[in-house]
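Asks: Relevant sequence annotations retrieved from TrEMBL are reproduced here:
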- 6-26: transmembrane segment (TRANSMEM)
- 33-51: transmembrane segment (TRANSMEM)
- 57-76: transmembrane segment (TRANSMEM)
- 88-121: transmembrane segment (TRANSMEM)
- 133-152: transmembrane segment (TRANSMEM)
- 183-201: transmembrane segment (TRANSMEM)
- 221-245: transmembrane segment (TRANSMEM)
- 257-274: transmembrane segment (TRANSMEM)
Amino acid sequence: MTFGYILSICTFASIYAILILGLNILTGYTKQVSLGHAAFFAIGAYAQALLVTKAGLTFWSALPLSIVLSMAIGIVMGLPSLRVSDDFLVLTTIGLNFIVMGITEYFDFFGGAMGIIGINVPSFMGHPLGTTGYFVVTLIFLMLAIYISYFFSKTWGRLAMEATGEDEQAAQALGINTALYKIYAFALSSAFTGLAGALWAHSIGSLFPRNFSFEMSVLFLSMLVFGGLGTIRGAIFGAFFLYLLPECFRFIESYRMLVYGALLTVIVILQPNGMLGRGGLLDGCFFKLKKRGTETQGISKMG
C-alpha cells in the first residue's frame, strides 16, 4: 500500500464517521431507525456535484447549500415520523432510498445511469488540494462534527430525544414536545449526512446511482449498531472499523466479504449493544483508560 492510498482510505473512513455521527442522533437518541440514509448521502453528494459542475460554484460556496438542501429534505421526511409507527417509518426511509436512486438514474439532469464525472478536488487560496490536503480538510470537518455532537450530548435536547425514544407518551406527560424533537433529530442527522455526501463527491470524483443503493443504507446502520447506539465513540469506531476491515482482508480477495460478514454477524450476536455501547466489550476498557487519565492528571496537579 502506498502512502497516498492509505490517506485515501482514511479520508473515506472519516467521511463515513461524519455520516454515522448524524445517524446516531436519529437512531441512537430518538430510536427512529433509518434504512434509507443513503438517500440523504446522495442528496448531499449530487447537490454538491451539480452546484460545482453546472452552476460553477466553488467547493466552499456550494458546501453550505448542499447541507441546507439535505437538511430541508430531512425535515420533510421527519413529518411522517409524527404519524406512523416505527415499523412503517423504516419502510418510509427505504422507499425514499429507492425514490432518490430512481430520480438520479432516470433523469438526465442528474446524469442518469452515466452519472456525473469530473468533480475536481477543491482548491484553497487558489491552490488545488492534493490527497494530503483533502484528508486534512476532511479531518477538520470530522473534528467539527465530533465537537457539535459532544456539545449537543450535554444539552437538554439530547435528554429530550432519548426520553422520546424510550417512551414517547411518558415524555409528553413530562411536557416534552416530542414532535419537535423528532423533526429536530431528522434535521440534524440529514445535515451531517449531507455534509458527508458533499465531501465524498469530491473525494471520489464521480457519482453514479448505484453508489447510493439500499445496501449502503444497511452498511451505515450496521456501522452504528456495531460501534454502539447512542454513543459518539461508538459511531466513530464503527465507521472506521467496518470501513477499514474489508481492506485488511484484501489478501483473500475471493473470500473477503464472506469473512467480513461472518465476523460482523458473530460480533453483533455476542455484543448486541455494540463494541463501545453501554456494557460493550470495549466500553469497560474505554472507561478504565479515561479514569486512569483523570487520576494521572490529578496526581500531576498535586505534585
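Cβ atoms here come from the backbone N, Cα and C positions, even for glycine.
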Asks: Do the transmembrane segment (57-76) and the transmembrane segment (257-274) share at least 3 Cβ pairs under 8 Å, sequence separation 6 or more?
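Replies: Contact between the transmembrane segment (57-76) and the transmembrane segment (257-274): absent.
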Asks: Between the transmembrane segment (183-201) and the stretches 6-26, 88-121, 133-152, work out which stretch tops the count of Cβ pairs under 8 Å.
Replies: 6-26
Asks: Considering pairs 6 or more residues apart, do the transmembrane segment (221-245) and the transmembrane segment (88-121) have at least three CB pairs under 8 Å?
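Replies: No, since the transmembrane segment (221-245) and the transmembrane segment (88-121) share fewer than 3 Cβ pairs closer than 8 Å, they do not count as touching.
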Asks: Which of 6-26, 88-121, 257-274 has the most Cβ pairs closer than 8 Å to the transmembrane segment (133-152)?
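Replies: By the under-8 Å Cβ criterion, the transmembrane segment (133-152) pairs most with 6-26.
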